[in-house]
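A quick write-up on the structure given underneath.
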């Protein structure tokens, strides 16, 4: 590969500048040779037969990052970020005062034979003489009365607009001398950064839109509470366990997917605003993490099934020898009869007391919580934790909807998939503590109100005078990963008793479905944004 295009263009512009002020320089040979070198490099890369066609100019502008704005700018005539561009009045004054000085500069530029490869141009008379053909082009370029509406020198110009501004034909090939005239404009476009996308500040209407969408999301997330109570009443323990296993795996997939594919990329400043290639590059690392998590989850569960099947005949044989109940689900009765004389009455009474004093199994998803201390203090701790949990969920939703609709949608789905098994476990434990269904519904309404407060706080932190969206996203991603990998995933990997193959496959399906759902939303993020009115 040849030298970078930016270096070639910089060297060419330096050569042209030296040529312009060459009236006071006695020897212009090195400057012309350097200029010819860079011209030859550029025309060798993008030109044809010593000229630069419209297609070659378009490829050059694309390589320089010019010719097309890559996103919304701060305003149609506002300066780019980090640079004080001149105002419209300054531009107009500059153009009114420029011709006399510019003619003196152009007068020093050597337009005689310079080795540029154009025989007709090499025969052009010197500007110090009376050659009207040479002065005609320069005076049209310098003295042309460009209006503010026609000469958009503060906008990102494509190839056709550049040529029209310079009085050149958009379809005719460019000679090296004509291309040298465009060099300062290209350098100015690069320096002013008018073709670089800068994020637009959030207008006041976006605050109302973010508040509305986050409030609706919090109301939608209050549905898991009555759904949990309904499932606890309708489903028995035998059906509740596989359903909770599937929902728990779905929650792990959605929480990890939202953290890795949405929250962390947005917290680091990456946005899926470009083509699909840029989107795939942003999603690649997070998707690979999800793939590794899914593979190891299925591998560990498969090894557990194999180990359990290898140990089951020996365990069953030992239990039959001891006369204990056989918990093998494939056994129809689940019990093994033994003679009455094999055990004395005190032993039978002790086994009966142990069975009565053993605590009841908590629903899956809450195996990590300690339920040894009975009483009202446990219920209040659970309620306090649920209120704080809803407050942080509302905070995450407010920040997500402040960033965009697709980001808020993915966070809403992730929180919903996590809330259903979480509420099932909490309500099952509170029912064991003696709380009624009516009190549980009332407490769920109180925690939902805290979620609304958290959503308003998240919008205020994200769209306030000092935007804290990256910090909120980073904190939310950490919370989601902790809940998924520390609180929920160990419950799926360490069940209280070995799971059948169907349950393991159901959990794998839930994990895969949750990650795929977040990945689909990330891919369709650009298509989801226009579906929301601007407020």
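Just so it is clear, glycine is given a Cβ too, placed from its N, Cα and C backbone atoms.
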Record-annotated phosphoserine (source Swiss-Prot) among candidates 24, 333, 344: 333
Annotated N-linked glycosylation site residue, as Swiss-Prot has it, among 91, 158: 158
Range among 211-231, 358-378, 379-399 that Swiss-Prot annotates as transmembrane segment: 211-231
Swiss-Prot annotation: residue 38 and residue 406 on one membrane face: no
Annotated range (Swiss-Prot: transmembrane segment) out of 243-263, 264-284, 411-431: 243-263
Within-chain partners of the transmembrane segment (504-524) [C-beta distance under 8 Å, separation at least 6 from its ends]: 242, 245-258, 261-262, 272, 276, 279, 283, 287, 290, 293-294, 297-298, 301-302, 305, 406, 409-410, 413-414, 417, 492
Between residue 158 (N-linked glycosylation site) and residue 49 (N-linked glycosylation site), the C-alpha gap once rounded to whole angstrom: 23
Contact between the transmembrane segment (440-460) and the transmembrane segment (211-231) (3 or more Cβ pairs under 8 Å, separation 6+): yes
Outside the transmembrane segment (286-306), six or more residues from its ends: residues with CB under 8 Å to it: 253, 256-257, 260-261, 264-265, 489, 492-493, 498-499, 501, 504, 507-508, 511-512, 515, 519
Cβ neighbour count within 10 Å of residue 49 (N-linked glycosylation site): 8
